[in-house]
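Have a look at the structure below before the remarks.
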Amino acid sequence: MWRLAITRVFNDKFKNRFSDSYIMELKRENVLIEALPYMQEFYDSIMVIKVGGNAMVSAQIMEDIIKDIVLLRYVGIKPVIVHGGGPEITEKMGRMGKKAEFFQGLRITDDETMEIAKMVLVGNINTKIVSLIGVCGGKGIGLTGYDGRMILGHKQAAKKVLINGIETEVDIGWVGECEVINPDILHIVLENGYIPVISPIAVDAKGNALNINADIVAGDIAAALHAKKLILMTDVSGLLRDMNDPNSHISRVTLEDIDHLIAEGVIQGGMIPKLKGAAVAVKNGVEKAHIINGSVSHSMLLELFTDRGIGTMVYKFEKPKN
């Protein structure tokens, strides 16, 4: 409040003396001063950033996101990128005459869909992100769960659901669950100044590829790396109590809230794996997880380095000690 008051007095008293550009420079300086304690707190810490396909709606937005991530590296933070690619996979499937199907926010993945997913995630999106990191002045390196057997998993069992009162099994195909994250290769990459870019393709004991939701992978990797934060970027402003009302934004969610909100139908569709990924991370030592709108310019910097924040924060509620 005192900063705001001083700024108002300054503007009123000196607005005729100084140019608008000079005032703007002073405001920028205030932004840097506000960011300083956060930069000090986060220095040398690991942050896992999941960049969703829905956040990559344009080349300019993607460039802004990567610039922000490269900036984090330059101020001493160690970012790890996990990328999705759902819209791109769906688009590619459509061009190949195949319909995308989902169950509880997870893509049903038969053999053909698995091949398409690998083609899009590893051969297209991953290489584009690594290239863009280089253009923005950083050093990126592309990885999958195969590399160093980093992400080991198993195929999910068929799901039992009630359809018209009849219990039915739904086989979601090569959709996997993480068993083990081997972070050794990530530590090596980070210590050498690189930004790892991870496609969410895991491997099972027989060498089969598994499609694992990128939000879940990001949560598991954040936990394995003992990351300071997990950031999940999407195309909405965090969690909304009413999907049709942008003013129903929920700014904070505890682990205890998540199951209740899923049961109430507040958390549904693609937001379910996001909150589950956040919950896994926070349960396993990550201080906080943040769901933010990646299509808002520099939203990640606003969430990390300002007092206000703009997304939904997931944290572990600790009861006060008596």
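Heads up, the Cβ atoms here are built off N, Cα and C, so glycines get one too.
Record features (Swiss-Prot):
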SITE      Lys50  site 'Transition state stabilizer'
BINDING   Gly85, Gly86, Arg107, Asn211  substrate binding site
SITE      Lys274  site 'Transition state stabilizer'
Within 10 Å of each Cβ, count the other Cβ atoms and name the one among the binding-site residues Gly85, Gly86 with the highest count. Gly85
How many Å lie between the Cα of Arg107 (substrate binding site) and the Cα of Lys50 (site 'Transition state stabilizer')? 18
Spatial separation of Lys50 (site 'Transition state stabilizer') from Gly85 (substrate binding site) - C-alpha basis, Å: 11
Cβ packing number for Lys274 (site 'Transition state stabilizer'), 10 Å threshold: 29
Give the helix, strand or coil assignment DSSP yields for Gly85 (substrate binding site). coil
Cβ-Cβ distance under 8 Å to Lys50 (site 'Transition state stabilizer'), same chain, at least six residues away: Ile81, Val82, His83, Gly84, Ala214, Asp215, Val217, Ala218, Leu230, Ile231, Leu232, Met233, Gly277
Quick check on the binding-site residues Arg107, Asn211: which one has the highest count of other Cβ atoms within 10 Å of its Cβ? Asn211
Rounded distance in angstrom between the Cα atoms of Gly86 (substrate binding site) and Lys274 (site 'Transition state stabilizer'): 13
DSSP-derived structure type at Lys274 (site 'Transition state stabilizer'), helix or strand or else coil: helix
